[in-house]
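This report concerns only the one structure given below.
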Amino acid sequence: MASGNCTTPTTFILSGLTDNPGLQMPLFMVFLAIYTITLLTNLGLIALISIDLQLQTPMYIFLQNLSFTDAVYSTVITPKMLATFLEETKTISYVGCILQYFSFVLLTVRECLLLAVMAYDRYAAICKPLLYPAIMTKAVCWRLVKGLYSLAFLNFLVHTSGLLKLSFCSSNVVNHFFCDNSPLFQISSSSTALNELLVFIFGSLFVMSSIITILISYVFIILTVVRIRSKERKYKAFSTCTSHLMAVSLFHGTIVFMYFQPANNFSLDKDKIMSLFYTVVIPMLNPLIYSWRNKEVKDALHRAIATAVLFH
């Protein structure tokens, strides 16, 4: 972690979102509200799926895992960002910075792949309804979930081996509100060519495989749905996919825009805004998107409220 007489810094300084004193407290209140909503909605959805037997289906098992990922994702980033609005020095320890970055990488890949698995689940449910119970058993669901963790952890190990070899002699100021790869690479005093190559290769592998899986799944879904004669069945099929497509568009659209743009178009200020969107805003939106028009979730919520009122 050191090169020559270079000593690895014990702390990094995060520049944060803004250095305007007049914006610090308003932004703190806004993002505190967003974080609170994120935790309440995601943890609430996890609890609801856990206690309601009618939601013990593959689709909701995956949704429960998505909510868990979003809750942890937001917790990895937001509390430290909130602290930067209140602190003058805005420091983060070297170990804290590395752990934050690796957690971020792990959760990003996991969510990326989980959205692809959810698309396949919808394909199996709509295109192969008779075989669906045999294709998507609970055992298969949990094996897929464990597989996602394994792939995400593999990506984590690759980035770990690369980042821990970098030295930071010239500067410890990270021009961001959290420890992401681009601002860390910028202040590294050693070559980051291999790190950048690994980010591109593994990022392309996971993101493109996820996008291709989603696109193929939805091509077959659309071809199946247009052949359905019943308007009610057709509406139900489309409605189960709309929320997932919205979540996919938000997450993958932001990731592709950020990490696959030409180098001459890159801007750290623009990168901060896009990072803010998918690390803070999207985890809040996902449970709202999946619950907004979902009759089964609404019915489960009504049952839970009725049960709580009855026993009190």
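Keep in mind that glycine also has a Cβ here, set from the backbone N, Cα and C atoms.
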Recorded membrane side (Swiss-Prot) equal for Q186 and S239: no
Recorded disulfide counterpart of C179 (Swiss-Prot; options C97, C112): C97
Dominant neighbour of the transmembrane segment (206-226) in 27-49, 58-79, 101-120, 240-260, by Cβ pairs under 8 Å: 101-120
Non-local residues, at least 6 beyond the ends, that sit with Cβ under 8 Å of the topological domain 'Cytoplasmic' (293-312): 45, 48-49, 51-52, 54-55, 60, 239, 242-243
Among 27-49, 58-79, 101-120, stretch most in contact with the transmembrane segment (240-260) (C-beta, under 8 angstroms): 101-120
Protein Cβ atoms within 10 Å of C179 (disulfide bond), excluding its own: 24
